[in-house]
Amino acid sequence: MLKRDQSEMDIEAETANMGKEEKESFVHKRQKYRQEQEEKRLAAKKGVSFEQPEDGEIKLPKKRYYRQRAHSNPFSDHQLEYPESPADMDWDVLYPNRKEGQKVEVADIGCGFGGLLVALSPQLPNQLILGMEIRVQVTNYVEDRIVALRHQNKETDGYQNISVLRGNAMKFLPNFFEKGQLSKIFFCFPDPHFKQRKHKARIVTTTLCSEYAYVVRPGGIVYTITDVKDLHEWMVKHLAAHPLFERLTKEEEDADPCVATMLVETEEGKKVARNEGDKFVACFRRKENPEW
């Protein structure tokens, strides 16, 4: 039996209640929309102009044209591009206005549709913020969202400090970031992987905690939030057990403006709030390196 392409299954789910003509019309519109957005995205990356609407305004992307499943298998071969080392990464492609020598300091792992990135941009105006997302269409949506926001705020150079790339942080994080490069790293509503045999695919594990300790500088913060209590306890257990992390006190968390932003600005967080669900937060500080 042939394995169907993910996009085919997404289309079936989206058009399940549509008639034949309505379904064909929707598929055609989505293909045309995605093609137009891809052309704009490539043009923006190359720094060349592209045809704009008559009113000169680049509109924010429409989420319905970027449908994709909620999660992706991090162990699958996703044919990702990644640098051999951080020194090989061309950050100017993602941040055209960055200052010479300026490096990414904040990472949102599994950034979803970019709500936290957009909220953090004006909050941390002097820091480069990167979202990493493994799903193709979700990454494309965030790229298009940033292109539109930059265009809409070009007079003030708004949103020049955020960007997104498609990548697998569980495999290639040290390929992008140097030792101690990050001051903040966010894990917002990650895949809970409920089944015990899937726990190895969780974004916080004993092995991965060591990688996070490598890329986060002493004094830097690891932010976690989830609506799944079991996952919250799992992340707390593994981070607390690592010798290079210590948990922030409740008072320290309450005083951190990034925690307040994380609680309300992600798309998943807003969904949890609408459903009156719980949100579990835990933040950990990177300890100083031991003296050998």
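Note that Cβ sites are derived from N, Cα and C of the backbone, with glycine treated the same way.
Here is what Swiss-Prot records for this protein:
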type     : residues                                                               : note
ACT_SITE : ASP191                                                                 : active site
BINDING  : GLY110, GLU133, ILE134, ASN168, ALA169, CYS188, THR266, GLU267, GLU268 : S-adenosyl-L-methionine binding site
COMPBIAS : 19-42                                                                  : compositional bias 'Basic and acidic residues'
REGION   : 1-54                                                                   : region 'Disordered'
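Overlay of Swiss-Prot feature records on the structure.
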residue : record                               : DSSP (3 states)
GLY110  : S-adenosyl-L-methionine binding site : coil
ILE134  : S-adenosyl-L-methionine binding site : coil
ALA169  : S-adenosyl-L-methionine binding site : helix
ASP191  : active site                          : coil
THR266  : S-adenosyl-L-methionine binding site : coil
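Of all Cβ atoms in the shown protein chains, 18 besides its own fall within 10 Å of the Cβ of the residue listed as 'active site'.
GLU268 (S-adenosyl-L-methionine binding site) sits 11 Å from the residue listed as 'active site', counting Cα to Cα. Listed in sequence order, GLY112, GLY115, LEU116, CYS188, PHE189, ILE225 are the same-chain residues at least 6 apart in sequence whose CB falls under 8 Å from the CB of THR266 (S-adenosyl-L-methionine binding site). Taking CA atoms as the reference points, ILE134 (S-adenosyl-L-methionine binding site) and ASP191 (active site) are 12 Å apart. Residue density at GLU268 (S-adenosyl-L-methionine binding site): 20 other Cβ atoms are found within 10 A of its Cβ, drawing on all protein chains shown.
Of all residue pairs in GLY110, GLU133, ILE134, ASN168, ALA169, CYS188, THR266, GLU267, GLU268, the annotated binders of S-adenosyl-L-methionine, the farthest apart have Cα atoms separated by 20 Å.
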